[in-house]
Amino acid sequence: DILAAFRVTPQPGVPPEEAGAAVAAESSTGTWTTVWTDGLTSLDRYKGRCYHIEPVLGEKDQYICYVAYPLDLFEEGSVTNMFTSIVGNVFGFKALRALRLEDLRIPTAYVKTFQGPPHGIQVERDKLNKYGRPLLGCTIKPKLGLSAKNYGRAVYECLRGGLDFTKDDENVNSQPFMRWRDXFLFCAEALYKAQCETGEIKGHYLNATAGTCEEMMKRAIFARELGVPIVMHDYLTGGFTANTTLAHYCRDNGLLLHIHRAMHAVIDRQKNHGMTFRVLAKALRMSGGDHIHAGTVVGKLEGERDITLGFVDLLRDDFIEKDRSRGIYFTQDWVSLPGVIPVASGGIHVXHMPALTEIFGDDAVLQFGGGTLGHPWGNAPGAVANRVALEACVKARNEGRDLAAEGNVIIREXSKWSPELAAACEVWKEIKFEFKAVDTLDPEK
């Protein structure tokens, strides 16, 4: 069975048992009345069952309801069908004030019907020939308004300065100021020039997201013809059907696939309604993607540390034990489905590098947009500053130093040998994003 943990807030007067049963029925075989055609099938075989209910500590009239769904309810290899059933009409149910899908346990038999990520972590490292450190990226800014030639210039400067990747922002598609084909050509020219000058393999996430699947595939095919290593997709706004289609193409044609999660906070930010990002992350690993944005803990975007590390492990590891202290409701076995590299991006700069290296480890992409292009000396010095900071943190970690305790000292030491890093530290030394997270863990029993 597929197991689901729902946070249920019933309407006043509705007992939790009735609410849990209603969720199970509405998201599987049930409807609002008994129908004659119930007798033409075996409902006991197909109906969802609410098998356990527990109150949420510290919350009045809020419960975690566990529901089991028979596997025969779902089409093989289709995240679209799985979500249509589990989070379809039930979220508008009048008997509930609010409903949130906290987690899913995907059985191994169902996991094996999915291709998953086109390549996975180890294959990506082998393609890039880069080991033993996080990868460095940069989102080109301003995100909208640059001409294709100026956009390509920024890509070149960042890659030449020492970054591994540059990135289209999520809303860069094919606008009047920069049509997609022009952007692809100038970005490809930039990364090949940077590769020749640095001797390193470089990449730029060319956003293939489009208004139709046919147009999306046309862009991905053109990227492959240019010989670039990676393309990008906005998987929530683009949709799971489009994403899975693109992931299959990327595996067949040797392209890495970077995934942006634009629109996720509409779905996952509120604690009592919607669904958590850990569910969206599991769905992405099934649908397919080699990278996905996963928050930073320390930057400008929402993300509590324990929650973030919980779904980072769900993305990367082959087997994850149940751990309610990190928001993980079920043990999950991925049966060798390739892992996904988490991307830390949003309001981060060189002073965050020790914390990011300590939190995410080696298998991550640390992506500095404003933290590269906002350098007072220009784009290339901004990239140099980030690369020096990263190399200093990795060296210090490998020497056994405590990045959490000595991070500022490590960055200051490195800045003595890098004027670019010293200038970056001076510009961003006072920049912090200290706000309480909205989505937090429940208190322990």
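Along the chain as shown, residues are numbered 1 onward.
In case you wondered, yes, glycine gets a Cβ from its N, Cα and C as well.
Listed in Swiss-Prot:
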- Lys141: active site, proton acceptor (ACT_SITE)
- His260: active site, proton acceptor (ACT_SITE)
- Asn89, Thr139, Lys143, Arg261, His293, Ser345: substrate binding site (BINDING)
- Lys167, Asp169, Glu170: Mg(2+) binding site (BINDING)
- Lys167: N6-carboxylysine (MOD_RES)
- Lys300: site 'Transition state stabilizer' (SITE)
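On the structure: features taken from Swiss-Prot.
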{"residue": "Asn89", "record": "substrate binding site", "Cβ within 10 Å": "11"}
{"residue": "Thr139", "record": "substrate binding site", "Cβ within 10 Å": "24"}
{"residue": "Lys141", "record": "active site, proton acceptor", "Cβ within 10 Å": "16"}
{"residue": "Lys143", "record": "substrate binding site", "Cβ within 10 Å": "14"}
{"residue": "Lys167", "record": "Mg(2+) binding site", "Cβ within 10 Å": "30"}
{"residue": "Asp169", "record": "Mg(2+) binding site", "Cβ within 10 Å": "18"}
{"residue": "Glu170", "record": "Mg(2+) binding site", "Cβ within 10 Å": "21"}
{"residue": "His260", "record": "active site, proton acceptor", "Cβ within 10 Å": "28"}
{"residue": "Arg261", "record": "substrate binding site", "Cβ within 10 Å": "23"}
{"residue": "His293", "record": "substrate binding site", "Cβ within 10 Å": "22"}
Asp169 (Mg(2+) binding site) in three-state DSSP notation: coil
Between Lys143 (substrate binding site) and Asp169 (Mg(2+) binding site): CA-CA distance (Å): 6
Additional residues around Mg(2+), ordered along the sequence, whose Cβ is within 8 Å of the centroid of Lys167, Asp169, Glu170: Thr139, Ile140, Lys143, Asp168, Asn171, Val172, Tyr205, Asn207, Met232, His260
Three-state secondary structure, which DSSP defines for His260 (active site, proton acceptor): strand
Rounded Cα separation (Å) that holds between Lys167 (Mg(2+) binding site) and Lys143 (substrate binding site): 10
Diameter of the substrate binding set by C-alpha atoms, the set being Asn89, Thr139, Lys143, Arg261, His293, Ser345, in angstrom: 37
Top Cα neighbour of Glu170 (Mg(2+) binding site) in the set of recorded positions Asn89, Thr139, His260, Ser345: His260
Separation of alpha carbons, His293 (substrate binding site) and His260 (active site, proton acceptor) (Å): 6
Three-class DSSP secondary structure - Thr139 (substrate binding site): strand
Conformational class of His293 (substrate binding site) under the three-state DSSP mapping: strand
